[in-house]
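What Swiss-Prot records for this protein:
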CARBOHYD  141  N-linked glycosylation site
TOPO_DOM  1-33  topological domain 'Cytoplasmic'
TOPO_DOM  55-72  topological domain 'Extracellular'
TOPO_DOM  94-118  topological domain 'Cytoplasmic'
TOPO_DOM  140-156  topological domain 'Extracellular'
TOPO_DOM  178-183  topological domain 'Cytoplasmic'
TRANSMEM  34-54  transmembrane segment
TRANSMEM  73-93  transmembrane segment
TRANSMEM  119-139  transmembrane segment
TRANSMEM  157-177  transmembrane segment
């Protein structure tokens, strides 16, 4: 009798088609931290970029329009990154991926907003970098060193935020294609 019980426990039921395989789950789980890390990087880099540029704008009395543009884009990018970070954390906490449990409209909106934020950040950073180069803020003799170092730091962090936003755009584009093919 004990042998028959051992034999019956050897043969388990076949895997259910409704339970995801371990390979599929492993493919999903690496994407959860990736999008959260990218959103954290977006928020931190854009926060540093716009706060340094806002301080710089205050020092030059707001006379340079491209600095105002960079601050405005930095604020918008930071707010958007914070909103997306909170949603991504909510998805991770509830156990869903960013591509499941949300509507296709959300996928489209996220992809479009990520793309727009990416383009606006690169344009703002480029405008400020060009202004610094053309206006001679950073002279070859080292004049304006404090202003030069702060503006260079702000542009550097804006470019780092751009890289984080562009990587996030690739990942949200992947989620969007996956959502479209699923439908």
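Even glycines carry a Cβ here, placed using N, Cα and C.
Beyond its flanks by at least six residues, the transmembrane segment (34-54) meets 67, 70-71, 73-75, 77-78, 81-82, 84-85, 88-89, 92, 98, 121, 125, 128, 150-151, 153-155, 157-158, 160-161, 164-165, 167-168, 171-172 of its own chain at Cβ-Cβ distances under 8 Å.
Across the topological domain 'Cytoplasmic' (178-183), DSSP classifies residues as 5 helix, 0 strand, 1 coil.
Long-range contacts of the transmembrane segment (157-177) within the same chain: residues 31, 34-35, 38-39, 41-42, 45-46, 48-49, 52-53, 70, 74, 77, 81, 84, 98-99, 107-108, 110-111, 114-115, 117-118, 121-122, 124-125, 128, each at least 6 residues beyond the stretch ends and with a Cβ under 8 Å from a Cβ of the stretch. For the topological domain 'Cytoplasmic' (1-33), the model's pLDDT averages out at 53.
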